[in-house]
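Student: So TrEMBL lists these for the protein:
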TRANSMEM  134-159  transmembrane segment
TRANSMEM  180-199  transmembrane segment
TRANSMEM  205-222  transmembrane segment
TRANSMEM  234-254  transmembrane segment
TRANSMEM  266-288  transmembrane segment
TRANSMEM  314-332  transmembrane segment
TRANSMEM  338-358  transmembrane segment
Amino acid sequence: MILLQLLRYYFNSRFSTVFHQRFSGSVTPVKVPVNQAHCAPKRSQCKKTIVFPSRLSSTCKGYREHSVLVTLQDRISTNPENDNVSSSFKDTVFHLLHSFYQFSRPHTVIGTLIGITSVSLLPVETISELSPTFFMGLLKALVPSVLMNIYVVGLNQLFDVEIDKVNKPYLPLASGDFSMGTGVAIVSASLLASFAMGIMFQSPLLFSALLVSCVLGSVYSIELPFLRWKKQAFLAATCIMIVRAIVVQLAFFVHMQKFVLGKTTVVTRSLVFATAFMCFFSAVIALFKDIPDVDGDRDYGIQSFSISLGQERVFWLCVNMLLIAYGAAVVVGASSTFLPTKFITILGHGALAFILWLRARSVDLTSKDSITSFYMFIWKASQII
């Protein structure tokens, strides 16, 4: 759909340019090279003005009536009108790519990439296991998962256009940069491509993770009886927690352990800790994402915790939950018998907890931009387990 729009824009622009030049009776001045021999000595550039007919005429009178002055300059041979067409085409391409970037909700894509990569490293026991086979298996997990992520966030935007006009007017469907047809095309293509890869890669755990993500993402957003779980705070939090904390951790761990590395399935201590940590993180995301969106949610009947409990109370609840999670990580790291792991875990999570606390104290809860900025920080910091 995006490619067709680009091609149509480009050919329309070129046709209108040729039509204007041939039938309007005027030609845009063109700058072309001049023989250097005609230039004055010791001058790197020279200019020469000549008379050039703007359209063909069989008589001298017609020639004079339709002549224009054209300035020829050395070293320049660019048609300004073609430059404008090319520049406009590039601007259109950039604008469409930027709109798709916003449509994909990049912070969720980054979270998916980091989350799957980190849990995929847990079954690795030796450096030799970081082989091309491992990285190919990781790539096979990442690509369909990112496509499924685009389906889930895109579907939510399709059903939330009016809400997003209040809460997130910069999103392409809410702003009008994308039509509903374009949104449906992107969502459908992402879903089909994700499932096709899940089947093609022949990993039951990978396909199961994609299927569960699709089902929960659909019931979260679709406006049908017994669906649209995002309207209820508990059901919304449940959807996010199941996908981010349980499906991603368990399914992709076993996918890498059994179907990529060829090991026997064993639940490790690191997997248990990662799952528990992500339960805290998913709950925080489910609560925090609604804090800056209370205006639109209230208008359209979304009963979030931020509306029922208040923004400030939910904000500090989320911060304290993350501090508890980082504290638990420090305790687990301290119990490790491997000294480098103990040092890195204690220092790293302690530093993250301290930065989180400092950032939280500087947030202006009356500013939507300040809250959103802190939310983006949580997405990045909480992926580091």
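Here the Cβ of each residue, glycine as well, is placed from N, Cα and C on the backbone.
Note that the structure is a prediction, hence the values are computed from the model and not measured.
Could you place the listed features in the three-dimensional structure?
Tutor: Beyond the transmembrane segment (266-288), the same-chain residues lying 6 or more positions past its ends with a Cβ under 8 Å from any Cβ of the stretch are 115, 118-119, 122-123, 233, 236-237, 240-241, 243-246, 248-250, 253, 257, 305-306, 314-315, 317-318, 321-322, 324-325, 328-329, 332, 375, 378-379, 382, 385.
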Student: Against the transmembrane segment (205-222), which of these stretches has the most C-beta pairs under 8 Å: 134-159, 180-199, 234-254, 314-332, 338-358?
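Tutor: Per the Cβ under 8 Å count, 134-159.
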